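Some notes on the structure that comes next.
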Amino acid sequence: ASCKCDDDGPDVRSATFTGTVDFAYCNAGWEKCLAVYTPVASCCRKKK
């Protein structure tokens, strides 16, 4: 599932969701892109 990163923009309707939901921790080579912490899942994307 996709998720909204912090820099995707504040407007949920027009923002592009560039992140991917990952369980607990992001995969190697990925970074958490959402400041809000949830114990169940993180919003991650590939490191540039």
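Note: Cβ is positioned from N, Cα and C throughout, glycine not excepted.
Quick look at what Swiss-Prot annotates:
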- C3-C43: disulfide bond (DISULFID)
- C5-C33: disulfide bond (DISULFID)
- C26-C44: disulfide bond (DISULFID)
Quick one, of the disulfide-bonded residues C3, C33, C43, which Cβ has the fewest other Cβ within 10 Å?
C3
Structural state of C44 (disulfide bond), classified by DSSP into three states:
strand
Please classify the secondary structure at C5 (disulfide bond) using three-state DSSP.
coil
Between C5 (disulfide bond) and C44 (disulfide bond): CA-CA distance (Å):
8
Suppose we draw a 10 Å sphere around the Cβ of C5 (disulfide bond). How many other Cβ atoms does it contain, all chains included?
21
Show which residues of the chain containing C26 (disulfide bond), separated from it by at least 6 in sequence, have their CB under 8 Å from its CB.
K32, S42, C44
